[in-house]
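A.B. asks: Here it is, the structure in full.
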Amino acid sequence: MSTIAGESSSSSKMPENSQPTTTEKGSEYLEQLANEAEELRKKLDQERHKLNDIPIQQAAERLDVMGALGVKQRRILKGHVGKVLCMDWSLDKRHIVSSSQDGKVIVWDGFTTNKEHALTMPTTWVMACAFSPSSQMIACGGLDNKCSVVPLSFEDDIIQKKRQVATHTSYMSCCTFLRSDNLILTGSGDSTCAIWDVESGQLIQNFHGHTGDVFAIDVPKCDTGNTFISAGADKHSLVWDIRSGQCVQSFEGHEADINTVRFHPNGDAFATGSDDATCRLFDLRADRQVCVYEKESILFPVNGVDFSLSGRILFAGYGDYRVGVWDSLKCARHSVLYGHENRISCLRTSPDGTAVCSASWDCTIRIWA
């Protein structure tokens, strides 16, 4: 019995020169990859630093301080009975489309404040809306996971001509037309962006890269249409090549969800707004963040940003009901616009730069000029 027990005891011992398990090999490999990634990150930061020859505030020291703008509230558009979630200007510089938590999409005459069209969508929380370049149709969508396109006409019942052109696997958070009325770009809570053919409803290109919900997209005004930018809950802003479907640049810096993104008029930079109560300016050529627009007294999220026509002014809509006016080059706040009675959800400058429009949870859209 003792001999058998001794053999059993010796056989239960592991050999001293045992080989690493598959799990151990995998852990070592992952650690090696993490170290390589960290080294590459350091090299990338060094290359970015070489391009950052001078801080933007220092470069702007010789510029004169901006004088009084004289911007005031000129129009209030009332008609929604729920939180206004999104708005967009028509390229005719006169009409505005808005979408709301009440399930309504309204097309307004910004001069007269009259409602020209009102549509009831099959879902509440219509989170996105956009005018086509021709101003002859609008796109909208939200919690129904779909993007619908509606031709605008005074002769027919336009809701009968509504057609579905896109379907995501989660809510649609943003949309915009690309170059013409034929292509539409959407962003979704399913972490993807996609380009769709308006006529056929076919998916043309899918963009995978975000690790969280996509909240905002934008296309540069001066570009030929080969890039766009997206941002969202993963705190990253990604620049995409439309032709290849690949992410070509990634920017980080925010400490919370990014709610809004907007290209600078020259197309070489973009601004973001976040739940961390800051706006940030990123330079595509320098491949880095170049400015943070913040104040200790600002504690509320930024839900909408846009530039003036020259790019010198950055408008930002906050959760504290105010519109902040920033000098984008001196990185200093110039003034504040008061009027809304609830958080601002969206903000856009008119195509000719003569006005700014803000949408709010107070059920109104306001035009400032």
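Cβ from N, Cα, C; glycine included.
Relevant sequence annotations retrieved from Swiss-Prot are reproduced here:
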- 1-24: compositional bias 'Polar residues' (COMPBIAS)
- 1-28: region 'Disordered' (REGION)
- 79-109: repeat 'WD 1' (REPEAT)
- 121-151: repeat 'WD 2' (REPEAT)
- 167-197: repeat 'WD 3' (REPEAT)
- 209-241: repeat 'WD 4' (REPEAT)
- 253-283: repeat 'WD 5' (REPEAT)
- 297-327: repeat 'WD 6' (REPEAT)
- 339-369: repeat 'WD 7' (REPEAT)
A.B. asks: As a test of reading the model: what is the averaged pLDDT for the repeat 'WD 4' (209-241)?
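C.D. replies: Looking only at the repeat 'WD 4' (209-241), pLDDT averages out to 94.
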A.B. asks: Same chain, outside the repeat 'WD 1' (79-109) by at least 6, Cβ under 8 Å from its Cβ: which residues?
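C.D. replies: For the repeat 'WD 1' (79-109), the nonlocal Cβ contacts are 115-131, 133-135, 138, 140, 142, 150, 152, 174, 342, 345-346, 348-352, 354, 357, 359-361, 363-365.
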A.B. asks: When the repeat 'WD 6' (297-327) is classified with DSSP, how many of its residues are helical, how many are strand and how many are coil?
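C.D. replies: The counts are 0 helix, 17 strand, 14 coil.
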A.B. asks: Please list, for the repeat 'WD 1' (79-109), how many residues fall into helix, strand and coil according to DSSP.
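C.D. replies: Split into helix, strand and coil, the repeat 'WD 1' (79-109) gives 0 helix, 18 strand, 13 coil.
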A.B. asks: What else in the chain is close to the repeat 'WD 4' (209-241), if you only count residues 6 or more beyond its ends and a Cβ gap under 8 Å?
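C.D. replies: For the repeat 'WD 4' (209-241), the sequence-distant neighbours (Cβ-Cβ under 8 Å, at least 6 residues beyond its ends) are 170, 173-176, 178-179, 185-193, 247-252, 254-263, 265-267, 270, 272, 274, 282, 284.
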